[in-house]
Amino acid sequence: MNQSSKQTTDWAGDARNASPDGEFVRDTNYIGDRIVADIDKPTQQPDGTWHWSATPNAYRLVAARACPWAHRAVIVRRLKGLEGVISLGLAGPTHDVRSWTFDLDPGGIDPVLKIPRLQDAYFARFPDYPRGITVPALVEEATGKVVTNDYPTIVKDFNDQWKAYERPGAPDLYPAELREEMDPLIKYIFTEVNNGVYRCGFAGTQEAYEAAYHRLFNALDTLEERLATRRYLVGEHITLADIYLFTTLVRFDAVYHGHFKCNRNRIQDMPALWGYLRDLFQTPGFGETCDFTEIKQHYYKVHTDINPTQIVPLGPDLSGLFTEHGRERLGGSPFADGVTLPEPLPASERLKNPLPQQQ
């Protein structure tokens with residue numbers, strides 16, 4: 001079955017996620033297990049979840065270039081230098097009603113898990129799993145069973161629980177001394193921006209859309225003001241807060257502005273956010289993980305309620321992402337003294353569809 005003939009949907013846009021007044025409400029009930037240091041076997045917790053041992057080469061991160069939620073995990077894994085201890089499987093940009101699929105791999109089969117659909121890893125552990133088959137997901141390689149899809153915990157644990165295996169000089173993306181300021185800001189970014197674009201795109205009524213639209217741009221205006229006087233969101237260096245915001249900003253002009261009707265203006269029209277986005281995009285670990293072909297294919301082909309023709313736009317021109325940003329004048333630096341930059345990407349993880357400037 002070719003991509004254009006697939007019956008497609010997106011679990012984020014499922015009608016069951018709409019409130020009675022048409023507002024999109026994201027399902028945030030995930031598999032709450034964690035992979036942690038200092039244990040040697042799975043251990044059940046009082047709340048019924050499990051802790052799994054942070055063991056090298058035991059888990060596969062399944063992501064998709066298209067998904068901003070998964071993109072965060074890919075960036076953190078890259079910046080922490082965990083490529084050699086946590087393998088990466090990449091689903092294709094489109095999927096059918098059942099699951100993300102590995103249609104970019106030879107034969108449509110993930111080469112490590114030996115499955116055609118991420119759904120198979122979920123059902124291997126939970127045969128009656130009732131929710132969306134989402135990325136990112138960590139899968140135990142030996143059993144092929146999903147461990148967790150709790151994306152906020154995955155990125156924090158990549159930072160905190162794999163320190164014995166991260167590359168020398170890896171940055172601390174979630175510093176303890178900044179968490180009191182960072183945690184509410186991450187929550188704000190998730191609620192108002194990451195989820196805000198979806199609240200616009202999947203609104204079920206005109207009134208719900210207009211409320212979501214104003215709420216989103218109020219948040220972007222707030223962040224524009226914050227970033228006019230500081231290089232990064234919290235502290236002097238890149239943190240998880242910046243990674244949360246980046247994965248939405250980098251998709252905004254290419255997808256959310258038109259597809260989700262978030263069209264008061266582009267990020268290019270907001271000077272501080274535009275400079276900030278370019279600054280991050282040009283930092284190792286960020287732009288090199290952005291495949292705009294797959295990003296656009298996902299949104300424009302999967303969301304058939306919004307784009308029934310499944311026509312994927314050719315634009316916009318993204319060359320501006322490579323222009324000078326001038327953010328150095330605000331102080332700070334991408335990483336603290338003593339932090340080393342990631343090694344070049346493994347050949348297996350390089351973009352399939354790089355922009356001309358990335359070739």
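Note: Cβ is positioned from N, Cα and C throughout, glycine not excepted.
What TrEMBL says about this one:
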- Cys67: active site, nucleophile (ACT_SITE)
- Tyr198: active site, proton donor/acceptor (ACT_SITE)
- Trp100: glutathione binding site (BINDING)
- 1-10: compositional bias 'Polar residues' (COMPBIAS)
Task: Structural state of Trp100 (glutathione binding site), classified by DSSP into three states - done: strand
Open item on the list: Taking 10 A as the limit, how many CB atoms besides its own sit near the CB of the residue listed as 'active site, proton donor/acceptor'?
Closed with: 22
- [ ] Measure from the Cβ of the residue listed as 'glutathione binding site' and count the other Cβ atoms within 10 Å, all protein chains considered.
- [x] 29
- [ ] To the nearest whole angstrom, state the Cα distance for the pair Trp100 (glutathione binding site) and Tyr198 (active site, proton donor/acceptor).
- [x] 19
Task: Residues satisfying Cβ distance under 8 Å from Cys67 (active site, nucleophile), sequence separation of at least 6 - done: Val135, Pro136, His298
Task: Assigned conformation of the residue listed as 'active site, nucleophile' - DSSP reduced to three states - done: coil
